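Asker: Just passing along the structure, written as structure tokens.
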Amino acid sequence: MYVVNSDEMRNLDRYTIETIGIPANVLMENAGREVARRIETLFSRTVSADGPARWVILAGKGNNGGDGLVIARHLLEAGFEAEVVYAEAPERMASADAVAQRRIIERLGIPARVYGAEPLDWRAYDGIVDALLGVGAAGAPRGPYAALIREANASGLPIVAVDLPSGLDADTGAVHEPCIRAKLTVALAFLKRGLMQYPGADYAGQVVCAPIGIPAKLADELGVQTYVLNESVLRRILGVDPAMPRRQNTHKGTYGHALIAAGSRRMSGAALLSAKSALRAGCGLVTLAVPDRLLDSLIGQIPELMLAAVPDGGTGEWGSLGEGTTAPAASHDGSDAGPSERTIGAAEQALLSLAEGKQAMLIGPGMGRFPGDSAWLRAAWESVASPLVIDADALNMLADAQNFAAWPRRPSPTVLTPHPGEMARLAGVSTPEVQHDRIGLARRYAMKHGVTLVLKGARTVVATAAGSVYINVNGNPGMATGGSGDVLAGIIASLLAQGFTAEQAAGLGVYLHGAAGDRAQAQRRSTGSMLAGDIADML
Ligand SMILES: NC(=O)C1=CN([C@@H]2O[C@H](COP(=O)(O)OP(=O)(O)OC[C@H]3O[C@@H](n4cnc5c(N)ncnc54)[C@H](O)[C@@H]3O)[C@@H](O)[C@H]2O)[C@H](O)CC1
Ligand SMILES: [K+]
């Protein structure tokens, strides 16, 4: 359930060896035996009645290679044939523990050779163990490492990666050229971040985590704050029950009232999707505030929903503020604020008074952009007392606000739910830069701005202001469809209205959203035909 980066793994490793006193060679033995055991369970020991399956172990010069040598020994013991191919001359083994393993291999007479002397005949093998590079790798695989990776990938044989596929960046999930394409990756002691984000997750194949004797509680003690978002983490780390049981003696007021400011003439459906999802996620009441002209068209579409009209000058758009009062603008930095004062429109006043007495507010789905919107958002940012979810167009208002970093911290929770494009605008980087290190970027942004950040996309990342990160692993590509984000934003607002903290609401919300998406896929038996409304219906 813990996910570590390479620095954290090195610290855990060192602490276990030096402070706890478990010898490094014991960890290496455990690692090799655990990987061998997985191979024994998943792959046949025999190719025919009279011949054992033959595996080749590609061994690098570090401890990852040392693990590989232990694997060779255990595979032989289990009835496989095993052969070692060193990436570099064995005299160049970099660690004392790997050297010790090499001597054992030599004494046992296990066949071994150095890559490059003569061409490898890959047809002689039934499987490959990738023990070339582990968490000690730096940059793209070089020299014989790169050549071996290319040949292994081209062989078509099943590859089992030790700790992580060689060529994968353990910290980000970015892949170097070349990178092992594994069928199975056995992560040692803890999952590495790179295995949990794309494209790394694709190269890792099936991922299992094997215990090697490093006590899990050390991760907590050494400050690891990154987790896989599964039921056990929801319960034990976030302190929520995903079944959301209710006490008998409760009423709708117990579950909070959410206000959703959303929709415009061309995107009223986004507002309905958010509102429906908020209701389905369990809050007691939901009020949807829309530009006045839209209101009639929404009546009766969701009977449980309450509607509120915001003055729009007959346009059906936000921001047609109409007659307003004047407020000092000294604290406002929005690009449209006047030098000394700013007009508060009737729409803004209507919305702020609607927000009073609500337990959560969502701003953004289908809202569109309008002149002065960044300053408008800042007014909500400062005036709305309840927890706030900022989604979709409202995120772009935030991105366009001058000096968002200097906005005051909100006293109540704030959740931002960008997709990678919106995240790029918020952070002032390109979308590929966001995708290159989603966990790192999300965490830095959340900590810098004191918000809870939900960076959407396959393997959604939830990052908190305190530096915790949750990586979601459920959901499916059917959820890559218009309106899916509106559903998520509605769920999170609903959970906030019910009194969950921002961290709980974002984590549980992302998990429930993915679980509902998986149910929708199961019911439709297809990802292509899934609609966002199906996700809302499956909540
Ligand atoms: N989790 C644990 O506590 C244990 C992990 N084990 C295994 O050890 C590796 C990490 O071992 P380390 O020696 O630190 O590094 P590597 O084996 O990953 O390789 C480093 C080695 O390779 C050279 N090198 C680095 N980058 C490149 C490159 N781009 N191209 C070519 N060569 C490169 C570098 O010079 C080093 O010599 C961990 O993943 C586990 O598999 C322990 O066995 C048990 C305890
Ligand atoms: K490896």
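Glycine is treated like the rest: Cβ placed from N, Cα and C.
Source: prediction; values computed, not measured.
Pulled from TrEMBL, these are the listed features:
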type: BINDING; residues: 63-67, 134-140, TYR145, ASP163, ALA270, GLY366, HIS419, ASP486; note: (6S)-NADPHX binding site
type: BINDING; residues: ASN64, ASP130, SER166; note: K(+) binding site
type: BINDING; residues: LYS456, GLY457, ALA458, ARG459, THR460, GLY485; note: AMP binding site
type: DOMAIN; residues: 9-220; note: domain 'YjeF N-terminal'
type: DOMAIN; residues: 235-539; note: domain 'YjeF C-terminal'
type: REGION; residues: 317-341; note: region 'Disordered'
Asker: Drop a 10 Å sphere on every Cβ of the binding-site residues GLY366, GLY457, GLY485 and tell me which sphere holds the fewest other Cβ atoms.
Answerer: GLY457
Asker: What's the longest C-alpha separation between any two of LYS456, GLY457, ALA458, ARG459, THR460, GLY485, the listed AMP-binding residues, in angstrom?
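Answerer: If we measure all Cα pairs in LYS456, GLY457, ALA458, ARG459, THR460, GLY485, the largest is 14 Å.
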Asker: Specify the secondary structure state of ARG459 (AMP binding site) as given by DSSP, simplified to three classes.
Answerer: coil
Asker: For ASP130 (K(+) binding site), which of the three DSSP-derived states applies: helix, strand, or coil?
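Answerer: DSSP call for ASP130 (K(+) binding site): strand.
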Asker: Would you list, in sequence order, the residues of this chain other than ASN64, ASP130, SER166 that have their CB within 8 A of the centroid of the site's CB atoms, where the site is the one recorded for K(+)?
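Answerer: Going along the sequence, the neighbours come out as LEU58, GLY60, GLY65, GLY68, ALA131, LEU132, LEU133, GLY134, ALA161, VAL162, ASP163, LEU164, PRO165, ILE180.
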Asker: Filter the candidate list ASN63, ASN64, GLY66, TYR145, LYS456, THR460 of binding-site residues, keeping only entries whose CB is under 6 Å from an atom of ligand 2.
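Answerer: Listed by sequence, the hits are ASN64.
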Asker: Quick test of your reading of the structure: among the binding-site residues ASN63, GLY457, THR460, whose CB sits under 6 A from ligand 1?
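Answerer: ASN63, by Cβ distance under 6 Å.
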Asker: When DSSP is mapped onto helix/strand/coil, what comes out for GLY66 ((6S)-NADPHX binding site)?
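Answerer: Once the DSSP labels are grouped into three classes, GLY66 ((6S)-NADPHX binding site) ends up as helix.
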Asker: Whole-number Å only: compute the distance from the Cα of ALA458 (AMP binding site) to the Cα of VAL135 ((6S)-NADPHX binding site).
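Answerer: Just about 24 Å between their Cα atoms.
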